[in-house]
Each structure stands twice: as structure tokens, then as C-alpha cells.
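Report on the structure given below.
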Amino acid sequence: MYVGRFAPSPTGPLHAGSLVAALASWLDARAHEGRWLVRIEDVDKPRCSPEATHTILAQLHAHGLVPDVPPVLQSERDALYQQALDQLLAAGLAYPCACSRKEIAQVLATQGQGQQRHGELVYPGTCRPENGGLHGREARAWRLHVAACLQRDGLPAGALTHWQDRRLGPQSQRVAEAVGDFVLRRADGLWAYQLAVVVDDAAQGITDVVRGEDLTDNTARQIVLQRALGLPTPRYLHTTLVLGANGEKLSKQNAAEPLPEGGAAQCVANLQAAAVALGLPAVSAASPEAALRQWILPWKMQFG
Ligand code: GLU
């Protein structure tokens, strides 16, 4: 049974780009006669608000995008994430880390490596158990031991993780080298997106992840984590991104406008723009529901 999801972070109202992801995941679920869930990804508590959650759910509803079961909130699922971290620690696949950002930067500088990835430093492994652990310091964050995860599956530490995207085709990443031992629980006590998303996709029985192309780069990391936890890997489809007038991807960070509000006609127009971005035909419809129905078949032809 197909189960899909839309997983917005409630840092602000939906914008044109997030509606594309919502529409694509909804259409894919309907095209497969599956279920469509909404998961509110509010693990980053200081950046998220109950008001934004409320607004997003109301916006989805106004656009005819109604989840088949009530939405779940990640902020209420700490126990599940803790259980997953405990499992990884017990298996020797995760470890506590005492290093601050500054210390990590210093170690990398002495090694002549300033390797940065989207502003993230590739962790040099100072606190790995085989390097002496915390060295008597206090744990701040918890990290996945990527090399140990790969080796447990009989792969070399530098192995490529391969996966197939339903739109983009074959993908691969050398996770240990490109990303390194990524954080599962942050120094501020918050759960990292990677852990929460992997635990929840499995707990909710998600078979198909349909989301924006900006998240493609996270997939190999999530697959390594799924395997480490003994969880299944869903199928993935990363959709095109909607670019703003400046050619940059729309996001709350670059102040993408919230979706224009209004009645049914405005919602149909918003959906129309999202559908065209996905390569679907323009339709004429009096209600969002009527418009949505007309895109199921064209979506099936493209991605079914
Ligand atoms: N919460 C993430 C975001 O809003 C999406 C996560 C996902 O779909 O895997 O960017």
C-alpha cells in the first residue's frame, strides 16, 4: 500500500515553492491510490511556531489538500528519536561529541582542510571511540559514525551510497567524505532533521518520499541512517524547484511571499502555478478539488 507525505517545517506560511511539494506528493499518492499524510516538522523549536502550523494546515485545506489521517507533530515524538539514538549507540554506530564548532575548525585548519559543505564542516573524528572518545570532556552533541555504518554492511568506509530518484535517475554520494559524521542530536538538545525524518518516515510506513529538489543532497545520508537502524528505504522523487525573480530557490529565508490568500478562484490560481511548475497542463476548474482531480491522470503519465 502506497503511503506518501508532505512534511513542512512551520517556520512561516506556505509559499509558492512549498505548494509545489505539497501538490506533487498529493498527486503521487492519489495516482497510486495510496494514502497521503502531513507531518509537521517542528523539531527546530525556536524557529517554528504553533501559529505557522495552524496557518499551513488551513492553507492546505483551502487548496483541497486534506491529509487522510490527522497530522503528526515532530515536537511530540522525542521518545521515538531517543529510542533510535539509543539503538545506534548500543550498536556502536553513533557516539557523543564534545567539540565546539570553533574546535572543529581549528583541527581542520591544522590538517590543512577547511572543507565546508553548505556552511557545515566535515567532522574530523576527534571524539570517535577509536580516537579516545570524549577525552574526559562533556558530551554536547551526538553523531552518526558513518564509516562504522558502512563497514557493518561489508562496505569500505569510503563507499559510495547509491540510490535511484524517480525523476533525476541514478544518484550517489560518498557520505563519509562529502558529509562526514553528521549530527543526530544537536548541542542545543534539539533533534537533527536527518534523524527525525528517517525515524518518522519508517514509523509512518512511508513508501514514497516526494519533495523538493533542494533536499536531494540529504537522501544518501538518510539511506545510511535507515540501514544503520534496520529500516526500509522508501522510493524517492525530487521535484523541480520554483525559482524567485532573482533566480534563487524560494524559501522563507529569502523572504518568499506567503501564498496569495482569497477564495476558491485564488486557490485554483495558486494550484495552477504549482502544477505548471511541475510540467502539468493548465486546467479550468471552479474549485481546488475539481482542479486537483484533473491533474491525477497527467501526473500518472509522467511519474506513474
Ligand atoms: N521539513 C523539510 C522542509 O520543510 C522537508 C523534509 C522532507 O520532505 O524530507 O524543508
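Note that Cβ sites are derived from N, Cα and C of the backbone, with glycine treated the same way.
Copied over from TrEMBL:
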type    : residues                                            : note
BINDING : ARG5, PHE6, ALA7, PRO8, SER9, GLU41, TYR193, ARG211 : L-glutamate binding site
BINDING : CYS97, CYS99, TYR123, CYS127                        : Zn(2+) binding site
BINDING : LYS252                                              : ATP binding site
DOMAIN  : 5-254                                               : domain 'Glutamyl/glutaminyl-tRNA synthetase class Ib catalytic'
MOTIF   : 8-18                                                : motif ''HIGH' region'
MOTIF   : 249-253                                             : motif ''KMSKS' region'
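Everything TrEMBL records as a feature, shown here on the structure.
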| residue | record | DSSP (3 states) |
| --- | --- | --- |
| ARG5 | L-glutamate binding site | strand |
| CYS97 | Zn(2+) binding site | strand |
| TYR123 | Zn(2+) binding site | coil |
| TYR193 | L-glutamate binding site | helix |
| ARG211 | L-glutamate binding site | strand |
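With ARG5 (L-glutamate binding site) as the anchor, the candidate binding-site residues are CYS99, TYR123, CYS127, and the one with the nearest CA is TYR123. Every protein chain considered, the tally of other Cβ atoms within 10 Å of the Cβ of CYS97 (Zn(2+) binding site) stands at 26. Checked against ligand 1, the binding-site residues PHE6, ALA7, GLU41 give ALA7, GLU41 in sequence order as having a Cβ less than 6 Å away from one of its atoms. The shortest Cα-Cα distance from CYS97 (Zn(2+) binding site) to any of the binding-site residues (ALA7, GLU41, TYR193) is found for TYR193. Using CA atoms as reference points, the binding-site residues CYS99, TYR123, CYS127 were checked against PHE6 (L-glutamate binding site), and the closest is TYR123.
In sequence order, CYS97, CYS99, ILE104, ARG143, GLY180, ASP181, PHE182 constitute the residues six or more apart from TYR123 (Zn(2+) binding site) in its chain with CB-CB distances below 8 Å.
DSSP assigns GLU41 (L-glutamate binding site) to coil in the three-state reduction, outside any helix or strand.
Rounded to the nearest whole angstrom, the C-alpha distance between PRO8 (L-glutamate binding site) and CYS127 (Zn(2+) binding site) is 33. Excluding CYS97, CYS99, TYR123, CYS127, which define the Zn(2+) site, the same chain contributes ALA98, ILE104, PRO124, GLY125, THR126, ARG128, ALA141, ARG143, ASP181 within 8 Å (Cβ to the Cβ centroid), listed in sequence order. Counting every protein chain shown, the number of other Cβ atoms lying within 10 Å of the Cβ of SER9 (L-glutamate binding site) is 19. Confidence in the motif ''HIGH' region' (8-18), given as mean pLDDT, stands at 95.
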